[in-house]
Amino acid sequence: MTSTSNLIEQVIEAWQNMQAKTPLVQCITNSVAANYTANVLLASGASPAMIDNPYEAESFTKISSALSINLGTPTSEQMQAMQISAKTAQLNNIPWVLDPVGYGPILAWRSQMTDELLQFKPSVIRGNASEISTLAGNQVQSKGVDSTLSSDQAYQQAYALLAHADCIAISGESDYILSNEIDAVIQVNGGSPLQPKITATGCALGALIAAYSAVATPTIAALSAHVHFAIAGKLAANQAQTMGSFSSIFMDYIHMLDDNLIEQYADIKLLNIQA
């Protein structure tokens, strides 16, 4: 039977495995997030590679430990690379994470491309509440790429997406993880209200899920990444109250996380059991 203590043990194991294996993560991400995402992965113990050229996509995906696809600022060439890499990952049993940034009717082209990527069965779909709810077929008004829906509202609408992925991760004031692996919703608490005010934190979180998916199941990967960010955000907020200092200290704690901090600060709950 799944328990919070058992899940925390698995998060610690996933973190230890990532430090030992330094997984190579191919990131096809947006122009705003690329640098920050790479730094988060390096600080976490993974090895990022920002390969988004369609002529190199297949060969590089084949040697990668995991793949992260983020639709934040898609170009036609990037879209080609995404389709090639997602298909290659599926054919070679390489875990991959889909972050449907800005999904919805206002940004119709990228949304159509997101729908097409679902055929390649991502290991994890990660997004904010509005993105996940809209992707699941609900009509939600977003504010650009930012969410206008709370994460606790969205997780109840997201079950349909488990037909397309092993795990759904919804970020917000609290984070929620739905999975085909366990019959409960996992709630992750912690973090800081300053996190969403730093550009690319959500995008980097998706890439961190991909890094963890190289060493753990999709559910534990999503949980580990969210716990990693939640602890770093909580501890950084204890020391900094302004955005500049918070951003720097947050990255420090992304790097300084260890088993003791996970055991001490991981705040997770198991919610309603799926019918």
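Placement of Cβ uses the backbone N, Cα and C atoms for every residue, glycine included.
Under the heading substrate binding site, Swiss-Prot lists Met50, Ala200. Mapped onto three states, the DSSP output places Ala200 (substrate binding site) in coil. Cβ neighbours within 10 Å of Ala200 (substrate binding site), excluding its own Cβ and spanning all shown chains: 20.
Secondary structure from DSSP puts Arg126 (ATP binding site) in a beta strand. Feature annotation from Swiss-Prot assigns ATP binding site to Arg126, Ser171.
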Judged by the number of other CB atoms within 10 angstroms, which among Met50, Arg126, Ser171 is the least packed of the binding-site residues? Met50
In whole Å, note down how far the CA of Arg126 (ATP binding site) lies from the CA of Ala200 (substrate binding site). 14
